[in-house]
């Protein structure tokens, strides 16, 4: 068995910087640990909200981000500035927005309990109603989420609001939706 040792995290970030921008945007530090330790780079804007069955810890290493939340029937923004930390409780719908080029955040969350499902939700930009919810067993953020997004973006029926009929734009949020 190999001996445990530390490594320089900034060097790791520098070596993986090419993966911390679109279209990938994030990279897990370890694939085989009980914690999912993910480094996320900007720019990144998304239109979905994540329903996570476990807590998420956010540490904004470089630049600023906004965590859009939907809680108790209300949408609101939580700015997370460079150097800030934030602990998100389980099942609070959230949409991380990192519009700044070169921004870097660290997100730490436990692996899911056996059988626990994550969900990705999209809400109507017109009336605020839930447009679509996709549930999944999440093991790797990098590997498991992209197919869920691609399926939603490709399906106009899934993107049609059942309340007002507006078509969700898919990948691109409306102009001005993200404000730092």
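Note that Cβ sites are derived from N, Cα and C of the backbone, with glycine treated the same way.
Cross-referencing 50, 117 against the Fe cation 1 binding annotation in Swiss-Prot, which names 56, 94, picks out 50. Long-range Cβ contacts of residue 124 (Fe cation 2 binding site) within its own chain (separation 6+, distance under 8 Å): 130, 131, 161, 163, 164, 166, 168. Taking the mean position of the Cβ atoms of 124, 127, 161, 164 as the Fe cation 2 site, the remaining residues of that chain whose Cβ falls within 8 Å of it are 125, 126, 128, 129, 131, 162, 163, 165, 166. Cβ environment of residue 94 (Fe cation 1 binding site): 49, 50, 52, 56, 67, 68, 69, 70, 88 lie under 8 Å away, each six or more residues apart in the same chain. Using a 10 Å radius centred on the Cβ of residue 46 (O2 binding site) and all shown protein chains, the other Cβ atoms total 19.
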